[in-house]
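Have a look at the structure below before the remarks.
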């Protein structure tokens, strides 16, 4: 008996150990780790291809080839060789790498993967193709209905009133109050995942909303649905699958149309109005416009011209188009996308009622109401307005500093007044992430260069703080607050609730900034130390060009994936192009790490497959 008990005990211990190891392995295989694997594989594979495509054969060293492809796929834009001297095949490869490394491109595949996971989840529950119930709607109550309702009912009903603003999605909560017949035309219809429409039944008769269970008692911040039954979770999954289906159509169209139209416009303008800079560099003007358009939208900063965008200082169309591409592809992407979705929702009100229009409306309303449940780069109303304010403020500071600090600078003063104002605005938009420069950075005021270092470092802060502040699951994993049950609460002081929410948000933002600084400083300090040691002989020969500030400027530009540079003495490529091979490899690691600091957390709901319970996983990790 003792031997048998020992065998059973040993088997139980082995089984428990295996489950723990399996669970540990599954925790490490997440979106962030897959993102790292994707970028490392693409960089290593394409570096060999880039190296073999050089002409004369292998004329570009492998270290430079690796540096160029890492700079391209991470959207950094630093270059150790002149792009105009590369073969056309190498230039095309860099253009493709800029597309494949784009945050929007990665998000397209993420949406597609999550859509398939939701489809499999619903198929397991027999809801792979939920029929549309045309009778179901979200009711917008009329004002008089509040007089006969309880206070709690009135508060919930008022939450669904009003039309959507550009940065405010309509609520999909169902009111328990039915509007009179004249107001039925304002109803917002929703999809019912599990009901069949009987032939001949009146379509306009309202029935209970399938998401009526989403009330204030089981809804936390940022669309955190709590205490839902298994059936209710399936209903939510069905709606979110449709939201992902819609995003899988809109986001690729956004990604494609911006680049196609922008590239064609730039190519046509350059070929027609100012082809000389391209021809002097041995480049087709159309190809220059296409390459620069892709570089601007994906915020790479690379240009086929040795002088970057300096020859186009007075080309208003080129500057405005590329500035919009820079904003649309990165800095203001969440703002532009939300405005696009809101515009589509408004346009749908022009069309007559029908099953397809109704389904699109309800899906768009859900996306605008709970954006962080379906997409990483789409934020709620308040967060989007805050992001827009930060973008305008930071760009305004850069613009004002460019104009004021360069007063008396002969290089800047030589530019006519009108183009100088436009150049300052373009440089302000490009310096935080675009990496394209309209004036030589080394010729600007030293105070402006210091400001650019700061702006390059904090370039991701507005987006990353907004992304993580709008994700309730990361806050819960950090232990900042716990979801409290409100079943026994009859009344909560609105002022106290708002004050508590403000303190929680302020604590969360400050903790995010401190954590980001802790993650960044050690790497930047270590990289600076290693590179200064390696480049000591260069510093001894030319202490001005190889100053510590210039090295820090280049490292911050690489870590921020920006790409502007003070330039290398006597050459057209970036400052790091004159460094030794060891320093270039260090910069490659800095660029890879910098590209991944903008990612959402692994506990972010919008990057997880369907059916993964985050609360249970957090508890498992702490046991």
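The backbone N, Cα and C atoms fix where each Cβ goes, and this holds for glycine too.
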Feature transmembrane segment in TrEMBL, mapped to one of the ranges 194-219, 220-245, 246-271: 246-271
Of 90-111, 112-133, 134-155, the range TrEMBL labels transmembrane segment: 90-111
Residues from the same chain, set at least six apart from the ends of the transmembrane segment (448-467), whose C-beta lies under 8 A from its own: 331, 334, 376-377, 379, 383-384, 386-387, 390-391, 394, 397-398, 401-402, 405-406, 431-433, 441, 509, 512-513, 516, 520, 549, 552-553, 556-557, 559-560, 562, 564, 566, 597-598, 600, 604
Non-local residues, at least 6 beyond the ends, that sit with Cβ under 8 Å of the transmembrane segment (314-336): 75, 102-104, 167, 254, 258-259, 262, 265-266, 269-270, 273-274, 292-293, 296-299, 377-379, 384, 387-388, 391, 415-416, 419, 422-423, 425-426, 429-430, 432-434, 436, 438, 463, 466
Residues of the parent chain within Cβ reach of the transmembrane segment (246-271), under 8 Å, 6 or more residues beyond its termini: 99, 102, 104-105, 107-108, 111-112, 115, 278, 285-290, 292-294, 296-297, 315, 317-318, 321-322, 324-325, 328-329, 336-337, 340-341, 344, 360, 363-364, 367, 374-375
